Amino acid sequence: MMREVKVVCREMDCGNPVSESRGRLIEDGRRGVRLYRCRGHESSIRQCGRGGPGVCDGEYYRHVTCSESVRLVDGAGLCSGRVEVKSNQSWASVCEADFDRQDAEVVCRDVGCGAPAALQGGLYGEGEGQTWDKEFQCKGKESLLLDCDTSDRENNTCLPGNAVGLTCSEPDDVRLVGGDSRCAGGVEWYDQGEWRTVGTTDWNQRDVAALVCRQLGCGSTVSALPGNTTRGNGASCSGSESSLRECRRTYDLRPGLTVICSDLLVQPDIFLTDPMGGVFRGHQRPEMFRGYNFTITCSTQPQYPGGSFLLTFTSSNRTQIQPAVNHSAAFLFPAADDSHQGNYSCVYDNYVFSHNFSSESELLSLTITGN
């Protein structure tokens, strides 16, 4: 439905689509139009496929919310593009010098997206019209850009390449539940004030699953299976969308979808301990005195039982492996010498949901110093 909402907001000159929902039941006998098959780039809903007019008994009104006074244009999806502000019934680009992180937080919120991810002049090209002649003074907590204070710009020129481009994160309106990980479980989306099960057809499972894993930052799809008992409102995705809200949705019940993504396991921790006091915390990385014993410990959050830790030493390709006991493993080195200097990392492996998963820690850099 968001494709149709895009066209409606564009035709009404009301900025970006923020949300759409099912409104109240249409009174029996009322006439209406069934709108479908918009591609999203049309300038009017008259250019979309229509199934009416006709009597809409048993149907629902559609409720559309647009951003009204600000929009993101020429981006890859609903949450990225060049920032433009509505001024005197026309749209004006904003100069990078007049726009900061707090302004970006409000714009992302205003257009129904998550927190700002990238802010850069010229990122999404130059606007063809005028440049906004005010400077925003948002505090970052406002709901709408119109709620922010403004002041006159000190410099009325905006050099080429300085029209501010903004990339917001996708809205936090999708989650996976019941899988002991944020990257596994049944798919739910936040709709009209509550979390609802997402259902899909067999032929569309892989596209929906891939989009969910991508939107959650959980890697690629490992498995996509229909839920056992739960049914939910349908979602139909083409695979090119940037978020689940851009997919076509239906309110007929379909089998729920259980998704497992590749980044199932959280990143493990790695740290250095020494019972003899041989570690000196240097400016760049820990330093170990020669001759002292030390221990490198790998640990992870208690997501799943079992598994193992592989300690890798990148300077010589040496590895050690131990089973995870209480979600951790300790690797003892009896006497430090120059051969122990280098970079270490922990790789946690576990067999879960009939698949092998692994996750690697950050590097631990160790220097061996004098006696």
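Any Cβ shown, glycine's included, is placed from N, Cα and C.
Quick look at what TrEMBL annotates:
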DISULFID  C38-C48  disulfide bond
DISULFID  C138-C148  disulfide bond
DISULFID  C237-C247  disulfide bond
DOMAIN    1-67  domain 'SRCR'
DOMAIN    70-169  domain 'SRCR'
DOMAIN    174-262  domain 'SRCR'
DOMAIN    268-365  domain 'Ig-like'
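What TrEMBL annotates, mapped onto the structure for a quick look.
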{"residue": "C38", "record": "disulfide bond", "contacts (Cβ under 8 Å, 6+ apart)": "R3, E4, K6, V7, I45, Q47, C48, G49"}
{"residue": "C138", "record": "disulfide bond", "contacts (Cβ under 8 Å, 6+ apart)": "Q102, D103, E105, V106, L145, C148, D149"}
{"residue": "C237", "record": "disulfide bond", "contacts (Cβ under 8 Å, 6+ apart)": "N204, D207, V208, L211, L244, E246, C247, R248"}
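Sorting the domain 'SRCR' (174-262) by DSSP state (H, G, I as helix; E, B as strand; all else coil) yields 17 helix, 52 strand, 20 coil.
Assigned with DSSP, the residues of the domain 'Ig-like' (268-365) fall into helix, strand and coil as follows: 3 helix, 56 strand, 39 coil. By a simple count of nearby Cβ atoms, those within 10 Å, the most crowded of the disulfide-bonded residues C48, C148, C247 is C247. Mean pLDDT, taken over the domain 'SRCR' (70-169), works out to 85 on the 0 to 100 scale.
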